[in-house]
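Before any comments, here is the structure.
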C-alpha cells in the first residue's frame, strides 16, 4: 500500500504525516521552532529553522512508519500563507529572516497606499485589501531595507517565495522555483481573474518579475526531491496554502460549503464555485484551489488571534499550565459577569481590518479572576467567528439554503466547551470531523490525486466522516445579549484608534 506524505509547515511548528491510500494516518511527527519579535508588531522566522524542522519531521515520520522513499507515491506541501522568504538565486541563502504573516511592520506603507486611492484597483485585481498581512508589502520592505537587495533583485540575483515555494526550491536542490494558485493569490501581486502575476501590481510595489515563481495547479507535478534527503527521490505533486488545504481536507467542494480552522488564528472559507464573489463586508475573495487549469474561488475571513489567545493565558498571564485546562476553568466563571476580550494583539483582521488597535478587556470587576479571563478568551474566538459567519451570509446570495452548517478543524476544536459555545452563538450546527488533520489531509489529497492514489473529489468527499455535531442550545435572548455586548466591546476598542 503506497503512502502519501504531507508536509504541514505552520507558524509555530513543522509537521509531517504519512497517509495510507485509504486516507488513514500511518505515522506523524512534529517539531516546534522559535518565533522572533525584533520590534513591536514584527514577527520573523529563521528560514533555516523552517527547513531543518521540515526535513527532520519528514524523516521521523518515515522512520515511524518503516517507510522508504520508494514506498511514498508523492509529497504534498501545505504552509503558513503570506509569510515571505527572499533568497540568493545561486546559493539559496536567505537575505533576511522570513517575515511572517502576522507581521505589521508595513502598516504605514499600507496606509499611504490607501490614502493614494489605490485600494479599489488592488482589490479588483486580487480580491484582497491593502494590509500588512499580505506578502507584497513585505517583499517591498525587504527590497528597500536589506542593503543592496533592490539592486540584486533588478539584476535577477534574488528569488522570492512563500514558504511552500522556498521548501520546494530546497527539496529539489534549487531546480524548481514554483508555487500554486492558492499561495499566489495571497501575495497582492496576483490577478485572480487572469490567473497570472500582474504587471501593474508589480510596478506599484516595486517587485521585479524575475523574482517571481511559476504558478501551477494545486495538484500537479512540481518536481522531485533530491535523493540524499530521504534516501531516494520522491515526487512532489501537491501544494496549497494551509487554509485552502483545510478546505480541501474538509471536502468543501460544493459551492456554499464553509469551514473554519482554529490554529494560531482562525480562518473561515466559503466555497463560491467558479465565480469570484465580491464582498461588501470586508471579506477577502481568494482562490480555493485550482485543478486542471480551472480555478474555484472562496470568500475568506481571517482572524489573527484564536489559539494564541489561549497561549497568552498560559505564557503571558500564567493562568493555566496546559491548553486543555481552559475549558474546565471557563466553566467555573461567574455567570453574573460579562467580561469581553477583544484579542487585537496584532491589530484586527476581518471584517474590521485595523492594524493599529491593540487588545483590550471590557467589563472587569473586582471579582474578575482567572475563570472569567479563560471564559472571555474562549468566547472571543466564537464571537470573531460569528462576525465572519454573518459577513459571509450577507455576501453569499444563497446563504439561507447553503451555509447552514460549519465544518471545523484545528487544535482548538478539541475543546468541546468552545465548539458548543460556537454553535450557540452561530445558532447553527458545528461539525467536527473524525480526521482532525484536515490541513495535512488536503495537501496529501492534492498530491495523491495527481499520483493516482486518491479518487476524484466527489468520491473523496463521500469518505468524509463526522465525529460530533454540536447543536445550538442557547436561548435567543441570551445569544442576542451576548452578541450585543461583543459589538459594544469592539466598537469601544475601535474608538481608541486616533485614525478612526
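Cβ from N, Cα, C; glycine included.
Since this is a predicted model, take the numbers as computed values, not measurements.
Feature list (source: Swiss-Prot):
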type: BINDING; residues: 11, 81, 82, 133, 242; note: sn-glycerol 3-phosphate binding site
type: BINDING; residues: 11, 12, 13, 264, 307, 311, 411; note: ATP binding site
type: BINDING; residues: 11, 15, 264, 307, 411; note: ADP binding site
type: BINDING; residues: 81, 82, 133, 242, 243; note: glycerol binding site
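Feature map: Swiss-Prot annotations on the structure.
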{"residue": "12", "record": "ATP binding site", "Cβ contacts under 8 Å, 6 or more apart": "32, 33, 35, 264"}
{"residue": "15", "record": "ADP binding site", "Cβ contacts under 8 Å, 6 or more apart": "7, 8, 9, 28, 29, 30, 31, 57, 440"}
{"residue": "81", "record": "sn-glycerol 3-phosphate binding site", "Cβ contacts under 8 Å, 6 or more apart": "101, 162, 182, 183, 186, 241, 242, 243"}
{"residue": "82", "record": "sn-glycerol 3-phosphate binding site", "Cβ contacts under 8 Å, 6 or more apart": "101, 133, 134, 135, 138, 162, 186, 187"}
{"residue": "307", "record": "ATP binding site", "Cβ contacts under 8 Å, 6 or more apart": "262, 263, 264, 265, 323, 410, 411, 412"}
{"residue": "311", "record": "ATP binding site", "Cβ contacts under 8 Å, 6 or more apart": "323"}
If I restrict to non-local contacts, at least six residues apart, and a C-beta distance under 8 angstroms, what lies near residue 13 (ATP binding site) in its own chain?
30, 31, 32, 33, 53
Taking only the residues the record lists as binding glycerol, namely 81, 82, 133, 242, 243, what is the largest Cα to Cα distance between any two of them, in Å to the nearest whole number?
15
Excluding 11, 12, 13, 264, 307, 311, 411, please set out which residues of the same chain place their CB within 8 Å of the center of the CB atoms of the ATP site, keeping sequence order.
10, 263, 308
Can you tell which of the binding-site residues (11, 242, 243, 264, 411) has the fewest other C-beta atoms within 10 angstroms of its C-beta?
411
